[in-house]
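The structure appears right after this line, and notes come after that.
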Amino acid sequence: MQTYGNPDPTYGWWVGNSVVTNKSSRFIGSHVAHTGLIAFTAGANTLWELARFNPDIPMGHQGMVSIPHLASLGIGFDQAGAWTGQDVAFVGIFHLICSFVYALAGLLHSVIFSEDTQNSSGLFADGRPEHRQAARFKLEWDNPDNQTFILGHHLVFFGVANIWFVEWARVHGIYDPAIEAIRQVNYNLDLTQIWNHQFDFIQIDSLEDVMGGHAFLAFFQIGGGAFHIATKQIGTYTNFKGAGLLSAEAVLSWSLAGIGWMAIIAAFWCATNTTVYPEAWYGETLQLKFGISPYWIDTGNMDGVVTGHTSRAWLSNVHYYLGFFFIQGHLWHAIRAMGFDFRKVTSAVANLDNSRITLSD
């Protein structure tokens, strides 16, 4: 957190990040607990949507978000290929159980375990330094070797998630709106296609290409993760390489930029693409409008739409506005990380009445 040179700063209760800034075990605990909150929300919302689902109304016209995602993954279909909600309750309950496990882990890291992993005794009772694996994940915000080591593990997990998705589509199958049925999809690892889809991914209409992109990302992320785990800073840590800029606030700002950018991309993708977001589950494509800010409106017949808007409209607009505010948070924290003191702004505004300009001869 930005201290503006104060060695002993005091933060308000609303500055939640200050509680975990230099306490790596609590930092992990907050991440795990946050994961539990997400899992609980996903599970509870899935069960709630399943309880109110009306088979006589198109799914996309019922304002649902969790069940359409499961349907796109090929979950909830009977042997005849019709969506009945089969196994959806299991998915929801599984997420709730996972949320309790995550919550317990978050409490353990926050309350029971050492506040800093650097003081952890590790998995072995002898306490030898080489056996204190948890200590390797201590937080040293201005140490690029420490940060690149932690970043590498994040990238590996992202890569594994991509592999899971690709293998799920290949073995189990996912919903293909072109044939309106579940089918197994083999990834198309054509690097030319993957490169070209950087610029027209919103119009992509082939599930094979979608899976190929995820397969490439899996390779790229795991390779990058291994690189970051195994390597250290090359040469002297100079100002050119970010010395003095790398900090907890800087890392927070980059994280906000990443999630904000992904949310905005998801908004545009969901609004127009019917291969990844089938009309059967999300409703008709949207039309982009401009008012005070950009927004999307429904284009189909809204008669009988339960919530007034399709699932696609809810997802696109909510993602866009969340992404927008995440990016504002990125700018705020990035500017603070660069050393700008926003208190000077409020001080300048407060002293406007007392400001005087003297003209000399």
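Including glycine, each Cβ sits where the backbone N, Cα and C put it.
Going by Swiss-Prot, these are the annotated features:
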type	residues	note
TRANSMEM	27-47	transmembrane segment
TRANSMEM	88-108	transmembrane segment
TRANSMEM	149-169	transmembrane segment
TRANSMEM	210-230	transmembrane segment
TRANSMEM	250-270	transmembrane segment
TRANSMEM	315-335	transmembrane segment
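Sequence-remote contacts of a segment are chain residues at least 6 beyond its ends whose Cβ falls under 8 Å from one of its Cβ atoms, and for the transmembrane segment (149-169) they are 73, 136-137, 184-185, 187, 207, 211, 214-215, 217-222, 224-230.
Long-range contacts of the transmembrane segment (250-270) within the same chain: residues 17, 141, 147, 201-202, 276-277, 282, 296, 312, 315-317, 319-320, 322-327, 329-334, 336-337, each at least 6 residues beyond the stretch ends and with a Cβ under 8 Å from a Cβ of the stretch. For the transmembrane segment (210-230), the list of distant contacts is 148-149, 151-160, 162-163, 165-166, 169-170, 185-191, 193-194, 197, 201, 204, 275-276: same-chain residues at least six beyond its ends, Cβ to Cβ under 8 Å.
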